[in-house]
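Trainee: When I checked TrEMBL for this same protein, it listed these features:
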- B:19-528: domain 'Cytochrome oxidase subunit I profile' (DOMAIN)
- B:37-58: transmembrane segment (TRANSMEM)
- B:78-106: transmembrane segment (TRANSMEM)
- B:118-140: transmembrane segment (TRANSMEM)
- B:160-183: transmembrane segment (TRANSMEM)
- B:203-228: transmembrane segment (TRANSMEM)
- B:248-271: transmembrane segment (TRANSMEM)
- B:283-304: transmembrane segment (TRANSMEM)
- B:319-341: transmembrane segment (TRANSMEM)
- B:353-381: transmembrane segment (TRANSMEM)
- B:393-413: transmembrane segment (TRANSMEM)
- B:425-448: transmembrane segment (TRANSMEM)
- B:468-489: transmembrane segment (TRANSMEM)
- B:514-536: region 'Disordered' (REGION)
- B:520-536: compositional bias 'Acidic residues' (COMPBIAS)
Amino acid sequence: MSDEKTHIVPYRVYAFVLVALVVLTFLSIAITGYDLGKYTVAGALIFAVVKSFLVLTYFMHLKYDKPYIKIMVGFVFAILVVTIVVTFLDYLYR
Amino acid sequence: MQSTNAVNQANYLEYRGRFKGLFGWIFSTDHKRIGLLYLYSMAVMFSVGVLLGLAMKLELLAPGKTIMDAQDYNATFTVHGVIMIFMVVVPGLPAVFGNFLLPIMIGAKDVAFPKLNLLSWWFYVAGVFLVLAALLFGPGTPDTGWTFYAPYSFKTGTNMLPAIFGAFILGFSSILTGLNFLVTIHRMRCPGLKWSKLSLFVWTLYGTAWIQLLATPVVGITLVLVALERLFGVGIFDPALGGDPILYQHLFWIYSHPAVYIMILPAMGAISEIIPTFSQKHIFGYKAIIASTMAIAFVGYLVWGHHMFTAGMSGTAQYYFSLLTFLVAIPSAIKVFNWISTMYKGSINIQTPFYWAISFIFVFMIGGLSGLVLGALAANIYVHDTAFVVGHFHYIVFGGTGFAFFAAIHYWFPKIFGRMYDKAWANIGWIVFTIGFLTLYSPMFYLGMMGMPRRYYDYLEEFHGGNILSTFGSWILATGFIIIIVNLVRSARRGEKAEMNPWKGKTLEWTVPSPPPVENFDEIPEIAEDDGPYNY
Amino acid sequence: MEKVTHAPHDHYDAEASKIGMWLFIFTELLLFGILFVIYSVYRYLNHDAFHLAAAELDTFTGAVNTLILLVSSMTIAMSVTALQKNNKPLTLLLNGITFVIGVVFLVNKYFEWGAKFDHGIFPGSATLAETLSQGEILFFGLYFIMTGLHALHIIIGLVFIAVVMWKVARGKVHAGRSALLENSGLYWHLVDIIWIFLFPLFYLIV
């Protein structure tokens, strides 16, 4: 139980992830500069989701963690999404 | 092997740590002492809540002003609600029996983070004092009801801020307890104790801890917003500034409905321990109970809107919430079915905890079925905000959690204190209490159906009979409560010494001496392949 | 709090403290998640007003804060690697960079809020009530609450990092006992993730 090996992540992985995050940030600024109408929100949020996925996977080590921790994290995000959907059952149809 | 386990350690009641006397308790990180700290502080708060409840019933003895006017009545039901919900039933069984028993039931020496555990209790005490400060000082006792509904909660001139902040701190205490239990169950099970061998009380604590963790932050941030609204006038829930008060109700019930399951799940867990022990028979449908526990925890998170059917929600949302509310009834009914089936053909040993357990099933059934009346959209509009609702949730929260709490304290009392209570007086206490309970709350169903609104200090003459009966019941209930408390307090000091396993239970806590030694076990136990928590 | 009592059976379980931290992060996610629920409801109800109000915010400052926060996330992630490779000076340096960036973030925030206050835009102000529509008032209310709560978390994170640096320097956190450093990293990344969502919702969607 005590001799679980920790995975040492090389520095360059983090550097690559940072580059990706910065590129995504600029892309999201660029894309919201255009008038996409009602898709602006969706566009910006997709970039945010991809970015936070990168942070969760690499910076927060989920890639190297045991499956049950990944399941928990996924579950919590799912609960949050379901809560938003259920709340909007009220506001969308009022 | 088991009879010699842990006999050469001091028991936790007599153990001397770094501090003596009171400090040895309030600075102790021992999970058993923390459990008792919760027990004592909750017993005090429960008694205060009972007194306030008695005062309300006395006010309703006759129409018009009896002992208090409208404003005092509003303050009384607010404080009664805040105390009973946030300080008694939400910490409830997990804080007392979870703390005391969880590590023993999984064969561990303590919880995963003992210091954090003590910190939770300190938060609890801090929250209690903040709320009490709101009562005693400042411009007036809060009068919003325990729900703190906006916009009134930031318009009223009463002393809301300490009450809100206190509830926030109490929530923090609840979160930390849940977090601690989750890590403990994941990481500290003794060798061989697989998930499929955990006792059901532990399983319900697991489900409860997830709700505590995921629901409590919601009410936390909502209360912060109300406080900010009072302080700065941000406008989030203020219709004058564009805010939507119904959104407050959504957010409040996103926590407070799951909170009902925080209260009832561990209660169901305790009943699932007691029934097999006194039937001397393997629990019927072990996996079904686990599955229904998790189903209740999950679906219960998504039904909050059934508290708001008359608030002005969209029709779509109403259909959805009504449907899911009915779905929650299924896993609850599965559990009742399992308990009854466990008793079938068992060798039943009728003792006080068993009386409490079967009366729990009885009142819980009535509470649950009246809940279906409220879950149906059309019926709900008829009885919304009437005494019917008050009767329903007292049957669930008091009849469910409260009865299970008394069942649990009578079941584990010999383990906790190492002494046995007077069984005859315990039975008398039970019967008086139960009769009082039924007399107190049953008339409320009738009164609500006839149209008597809740939260009014006055009523029409036609409701007089039912109210007299109900108030009379409150006195019987109080008598029963006094009998129970006196018997238990007396027995904790002077009762006869209890054996290690007086009820012939099979879960791990019955393999250690009564009261348990400081470190619970001399050696961490190992669970063999064919062992199980209910193998009779 | 600092009075550490070592129970005789005080054992080190890195995974337990990691799960503990994750569970705590879940509560934080729900806390901010609910604010996002409120934001989306009011955005839905006040579509145009939110667009108007968002144009008042300075995208450049927001973008700068986003970028430096991303860099600080990388440095603290790297510091864990450095510690595992037994490179104590590098660990402290990387943590120090993270700390400084966190402070810079707060300074930016201070000037940003200050500019708003100078224009009379703050909760409960007379300007807000007289000149702006209800939707705009809600937007700025949410802006101050959400960025304020985020800034509070930055401050907590900074304290956390400072404590960890002190323990690394004293040798109490080392390659064999790195859980505390990893947890401070997890917390900092959480703060980063929240900002990743705050930035587009307040600054970009105009």
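A Cβ is built for glycine as well, from the same backbone N, Cα and C atoms used for every other residue.
Note: TrEMBL annotation is automatic and uncurated.
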Trainee: Sequence-remote contacts (6 or more beyond its ends) of the transmembrane segment (B:283-304), Cβ cut-off under 8 Å?
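Mentor: For the transmembrane segment (B:283-304), the list is 196, 200, 203-204, 207-208, 210-211, 214-215, 250, 253-254, 256-258, 260-261, 265, 268-269, 272, 275-276, 321, 324-325, 327-328, 330-332, 334-335, 337-339, 341-342, 344, 534.
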Trainee: Kindly state the mean pLDDT of the domain 'Cytochrome oxidase subunit I profile' (B:19-528) in the predicted structure.
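Mentor: 94, rounded to a whole number.
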Trainee: Mark yes when the transmembrane segment (B:393-413) and the transmembrane segment (B:78-106) have three or more Cβ pairs under 8 Å (sequence separation 6 or more) and no when they do not.
Mentor: yes
Trainee: I need to check the long-range neighbours of the transmembrane segment (B:160-183): which residues 6 or more away from its ends have a CB within less than 8 Å of a CB in the stretch?
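Mentor: Apart from its flanks, the transmembrane segment (B:160-183) reaches 82, 86-87, 90-91, 94-95, 98-99, 102, 111-113, 116-117, 119-121, 123-124, 126-131, 133-134, 138, 142, 144, 148, 153-154, 205-206, 208-213, 216-217, 219-220, 223-224, 226-227, 230-231, 262.
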Trainee: Please give the sequence-distant neighbours of the transmembrane segment (B:393-413): residues at least 6 beyond its ends with Cβ less than 8 Å from one of its Cβ atoms.
Mentor: 84-85, 89, 92-93, 96-97, 100-101, 260, 263-264, 266-268, 270-271, 273-274, 277, 352-353, 356-357, 359-360, 363-364, 366-368, 370-371, 419-421, 426, 430, 433, 437, 440-441, 444, 484, 488, 491-492, 503, 509
Trainee: Given a Cβ distance threshold of under 8 angstroms, which distant residues of the chain, six or more beyond its ends, lie next to the transmembrane segment (B:118-140)?
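Mentor: Long-range Cβ neighbours of the transmembrane segment (B:118-140): 27-29, 34, 37-38, 41, 45, 71, 75, 79, 82-83, 86-87, 91, 95, 157-163, 165-170, 172-174, 176-177, 180.
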Trainee: Per DSSP, how many helix, strand and coil residues does the region 'Disordered' (B:514-536) have?
Mentor: 0 helix, 1 strand, 22 coil
Trainee: Taking a Cβ cut-off under 8 Å, which residues six or more beyond the ends of the transmembrane segment (B:425-448) line up next to it in the same chain?
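Mentor: Beyond its ends, the transmembrane segment (B:425-448) has Cβ neighbours at 57, 352, 355-356, 359, 363, 370, 383, 386-392, 394-395, 398-399, 403, 406, 410, 454, 463, 466-467, 469-470, 472-481, 483-484, 487.
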